[in-house]
Amino acid sequence: MKLSLSQPCSFSGALLLLAVSNLLVWEKVTSLPNYRLPTESLYQRVIVVSHNAHDLASKAFMEFEMKFGRTAWTYGLMLSPCHTAAILTPENSEQVHQTTSEDLLKVSITILQAWEEPLKHMVAAVAALPHVPDTLLSRTKELEERIQGLLEGLKIIFNRVYPGAVASDYTFWSAWSDLQSSDESTKNSALRTLWRCVRRDTHKVDNYLKVLKCRDVHNNNC
């Protein structure tokens, strides 16, 4: 029996329609290169990519902990500071909302730029791990791609909204030698620190972008 359009949809049917609708919107957004997208659509894209990047970082961190966490902890019980700790960032909701949109974009770009070099080394280091799960390696590679795409999108938004302004360039990272160490504990401890920090930093950027979209796309009506 066919349902007429006037009949109410089931809950599962409504969810399916919503999922298909979201998929069609996303396909429309992702079918264009970043530079051709309207700013509102570009914000939509970077929000999705940002959330996906944080999800990848979180899952990869947990997978690394389960597989290699024990050898990472034997190197030392003290947590090493993140290499991005020197970047001044708003740390709580009040500070975020007191920070201008320009500065939130700047700090988001700075954080992502600081991960370009480490992620390249992380891919190589993870690939060299003994009996590394395929899922961990694929997530590491995909995270690098997501960060690059997110950085590209944010730079386009920044240059459109604040033409002539300059975002800070932060690329300092000095722990690459630990990833190349012949000592298993040293190498795994360095990887564990990087996974913990990239999970933290992608979460920060994800939160900043949600605030920016609310301000700049929805005029704080969200």
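Cβ from N, Cα, C; glycine included.
Predicted, not measured: the structure shown is a model, and the values here were computed from it.
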Swiss-Prot annotation, disulfide partner of Cys82 among Cys9, Cys197: Cys197
For Cys82 (disulfide bond), the number of other Cβ atoms found within 10 Å of its own Cβ: 16
Cys214 (disulfide bond) to Cys82 (disulfide bond) - Cα separation in whole Å: 29
